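Q: Pasting a structure here, questions to come.
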């Protein structure tokens, strides 16, 4: 979580428990973001909300503060058993669940409340041992939560607070039946604090809210501004032959500290990885085929700055919660307009500036009109000089090579780094962009 100064509302002005205020202060949080300033007054009155907010707006901190405060100010259910958590936070992806849990740990340290996390792809027994000790706040993906519920390892009949994060993504991934399964086994909606957050409050999301919540109040943040003003957007029209050279040239020119390159298919991502690796970049690959432990390790290296570029499909697009991403490159324009918003939302977060670069090639240029209509603005076109593109590009690494999750490229293995570190001399000193 990162501090932002996007409103004049201070956390200190809310009637929060001292333990929470102390944790917020220690973590450097003083001012609220708009979603926090709007939602917390409602939630602290123990009223439900359905919030529309993009990732990077501070919604995670909003619902975590509300959840912790609710548990600290609400009596523990009489006869509560060790296998009965008091709050449950459901997320669509493992990466998002992991990030929420990290943020929850910051708030939990003075409260005495125990946080547990469960998700697929990791040891069932290791996670079960944590649950056997009892948790107050359970964070996880619905599939793994249901596994434990069906086996009696978790009982949700004492739940006092529920969070459903990125509800629209839940629909996209087909998790709604799982969610309804869990809701039916919880106490009545009127006896819980219910929170739903979604990038879009579509009719199907609102229906879910009203079916399983207690007259939630709708909270919307800039509904007509689907992309952040902190993100500088630009689009290029490369030929298929020049597309890869243009990307490598722009990466050389921009020299981003932390960049994500999105492509529409696993095959294309693997191709991108092989060229970037061969060109000496420290690059990680995230697709649906990457094993869970490796995914976590790659994200850790990227977060720590030991990888500079992450190549990803949309499987990872909405689950990535990484601070300080300076650039997003849409190597392919997405087929789904919402995916464009979610992709570029990885940068320009927490009040910081970001850059989004998109390629409208022959194959995907037809997606652009729908995207621009959806985001309510035209993306500025940037021209480039074909003759100025890099031509001394090393051959790509063979795709079948095992993708190491250790740091690569400019400071280590894989490809030939230009001089072994981030201070390697660049291959040009003039811009390739032309207005």
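The count begins at 1 with the first shown residue.
Backbone N, Cα and C atoms are what each Cβ position is placed from, and that goes for glycine too.
Relevant sequence annotations retrieved from Swiss-Prot are reproduced here:
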type: MOTIF; residues: 9-37; note: motif 'Q motif'
type: DOMAIN; residues: 40-219; note: domain 'Helicase ATP-binding'
type: BINDING; residues: 53, 54, 55, 56, 57, 58, 59, 60; note: ATP binding site
type: MOTIF; residues: 165-168; note: motif 'DEAD box'
type: DOMAIN; residues: 243-390; note: domain 'Helicase C-terminal'
type: REGION; residues: 395-435; note: region 'Disordered'
type: COMPBIAS; residues: 424-435; note: compositional bias 'Basic residues'
Q: What is the number of residues in the motif 'DEAD box' (165-168) that are helix, strand and coil, as DSSP sees it?
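A: Summed over the motif 'DEAD box' (165-168), the classes give 2 helix, 0 strand, 2 coil.
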Q: What same-chain residues, at least 6 away in sequence, bring their CB to under 8 Å of the CB of residue 57 (ATP binding site)?
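A: Residue 57 (ATP binding site) has long-range Cβ partners 33, 34, 35, 221.
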Q: For residue 59 (ATP binding site), what is the secondary structure by DSSP, using just helix, strand and coil?
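A: The residue in question, residue 59 (ATP binding site), is helix (DSSP, three-state).
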Q: Under 8 Å Cβ-Cβ from residue 54 (ATP binding site), six or more apart in the same chain: what's there?
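A: The answer is 199, 221, 226, 228, 341, 342, 345.
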Q: Which residues, sitting 6 or more apart from residue 59 (ATP binding site) on the same chain, put a CB under 8 Å from its CB?
A: 35, 36, 39, 51, 53, 165, 197
Q: Around the Cβ of residue 53 (ATP binding site), how many other Cβ atoms lie within 10 Å? Please give the count over every shown protein chain.
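A: The Cβ of residue 53 (ATP binding site) has 25 Cβ neighbours within 10 Å.
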Q: Once the chains shown are all counted, how many other Cβ atoms turn up within 10 Å of the Cβ of residue 58 (ATP binding site)?
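A: Around the Cβ of residue 58 (ATP binding site), 26 other Cβ atoms lie within 10 Å.
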